[in-house]
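One structure is given below, encoded as structure tokens.
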């Protein structure tokens, strides 16, 4: 027997048996949890992928109607207004009448559910978010489909737990988190970002165990495979592939990150302010709420005719920007304009997310920054498109406070793996400056606001009599 083998045997003999058994027992993941995670991922992938196709179908149908039947007996501007107003009305009505928790992104609802503070009524959230999101996003409003897919994915996870009568709370928690990861993986064709989003952004709520992490990974991979089978394996955003930038330009990426760090804190404040202003305006009165939402949707129908860059989630706008054709001044004007339209749509409580609008804002300012830097520093080999990609990750990192997720998300969406170093520098710079200014992550703010409103509503309820 060799000296090495003798040492191994003596070392194992000195270790308490309960320590060895405990270590091995931690690695015994129940097969049932893995199977249910796979099922959650497949269903979340189907829901997320077909939700995307449904939104595209509504948008294309709206455009076809304007080009043909309706445009023949109504003025084009009036037809555009009425169609988008009706689509928005569907979204707002379904939310207000059947599932108020389906308003907005939905990600804070999943985080609240993981903490045991919010219920997941999947039987009403799934249809309301799906069809309400079709209406709101199809109207041309500045909303993303990524938040809704995360909420619907989480709802799928809870649905599977209920259907299979899962009683173990840790398993139910793992399937809820797995559904959220699968939803994001299907929305962006980004499995790594889906996994990291749950592990990093939801870290205050996520219960870290071998089982829960494996469940999240399996679900995200399964959902992404479903997406690729249906939509193909191309990246979500088609744009130029860049080589690694010169080291002399890295300081500019850090400066861009600092600017986004400041803006991210301001942007988060404006989002919650917009939500509070809308609530004060409609006071949860259904008629006023629906009229306000319909008018907003109709206005975006008009904008689609004249300034389409200010409408929609923004994913289709990103490659248009990076292909050139816009000056820095126009890009900055669009940046300011889309800030306003994003706040208007998301603050109104429509069933839609903010991921895609944030990425579009990051692209607009980042590309404008790159164009300006190219003029001011002609001796440097500057590609403005690199700063657009870095801007996407930086704004995400500054607002969501999940830099690793933002980096992976942008890389997977654009296939620009050579830009990982500038993305890290820009994103970390954005997070550090945002923290120095004392800002809080956007989804934490939104969850806190939801829980505060829930507590106020409970206090307003009349006390029940002992005999009731």
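Just so it is clear, glycine is given a Cβ too, placed from its N, Cα and C backbone atoms.
These figures come from a predicted structure and were not determined experimentally.
Look at Swiss-Prot and you will find 1-30, 115-121, 165-174, 200-212, 280-285, 437-468 tagged as topological domain 'Cytoplasmic', backed by sequence analysis. Positions annotated as transmembrane segment by Swiss-Prot, on the basis of sequence analysis: 31-67, 75-98, 122-139, 146-164, 213-230, 251-279, 286-307, 328-347, 353-374, 420-436. Taken from Swiss-Prot, the feature topological domain 'Periplasmic' applies to 68-74, 231-250, 308-327, 375-384. According to Swiss-Prot, the feature motif 'Selectivity filter part_1' maps to 104-108, an assignment based on sequence analysis. Under the heading chloride binding site, Swiss-Prot lists 105, 354, 355, 443, citing sequence analysis as support. Under the heading intramembrane segment, Swiss-Prot lists 107-114, 175-187, 191-199, 385-399, 403-414, 415-419, citing sequence analysis as support. Here Swiss-Prot flags 144-148 as motif 'Selectivity filter part_2', drawing on sequence analysis. Residues annotated as site 'Mediates proton transfer from the protein to the inner aqueous phase' in Swiss-Prot, with sequence analysis given as evidence: 201. The motif 'Selectivity filter part_3' annotation in Swiss-Prot covers 353-357.
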Worksheet item: If you measure from the C-alpha of residue 201 (site 'Mediates proton transfer from the protein to the inner aqueous phase'), which of the binding-site residues 105, 354, 355 fall inside 10 Å?
Response: none
Discussion item. Before we move on, state whether the transmembrane segment (146-164) and the transmembrane segment (353-374) share at least 3 Cβ pairs under 8 Å, counting only pairs 6 or more apart in sequence.
Written reply: yes
Fill in: DSSP-derived structure type at residue 105 (chloride binding site), helix or strand or else coil
coil
Worksheet entry | Beyond the flanks of the transmembrane segment (251-279) by at least 6 residues, Cβ under 8 Å | 104, 245, 292, 339, 343-344, 346-349, 354, 361-362, 365-366, 369, 373, 377, 380, 382, 387, 390-391, 394-395, 397-399, 422, 425-434, 436-442, 445-446, 449
Worksheet, complete the sentence: Listed in sequence order, the residues of the same chain lying six or more positions from residue 355 (chloride binding site) whose CB sits under 8 Å from its CB are 105, 144, 146, 147, 187, 188, 396
Worksheet, complete the sentence: Other same-chain positions with a Cβ less than 8 Å from the transmembrane segment (420-436) and lying at least 6 residues past its termini are 244-245, 249-250, 253-258, 260-262, 264-265, 386, 389-391, 393-399, 401, 403, 406-407, 410-411
Worksheet item: Considering the recorded positions 105, 201, 354, 443, which residue's Cβ sits among the greatest number of other Cβ atoms within 10 Å?
Response: 354
Worksheet entry | Helix-strand-coil residue split for the motif 'Selectivity filter part_3' (353-357), DSSP-based | 3 helix, 1 strand, 1 coil
Item to complete: Provide the three-state DSSP residue tally for the topological domain 'Cytoplasmic' (165-174): helix first, then strand, then coil.
Response: 6 helix, 0 strand, 4 coil
Worksheet item: Residues near the chloride site, 105, 354, 355, 443 excluded, by Cβ within 8 Å of the Cβ center?
Response: 104, 107, 144, 146, 147, 353, 358, 400, 442, 446
Practice prompt. Check the transmembrane segment (75-98) against each of 122-139, 213-230, 286-307, 353-374 and return whichever range has the most CB pairs under 8 Å.
Written response: 286-307
Fill in: DSSP helix/strand/coil residue counts for the topological domain 'Periplasmic' (375-384)
3 helix, 0 strand, 7 coil
Discussion item. Just checking a number: largest C-alpha distance across 105, 354, 355, 443 for the chloride site, rounded to a whole Å.
Written reply: 11
Discussion item. Let's see if you can do this one: DSSP helix, strand and coil counts over the topological domain 'Cytoplasmic' (200-212), in that order.
Written reply: 5 helix, 0 strand, 8 coil
Practice prompt. Let me know the model's mean pLDDT on the topological domain 'Periplasmic' (68-74).
Written response: 67
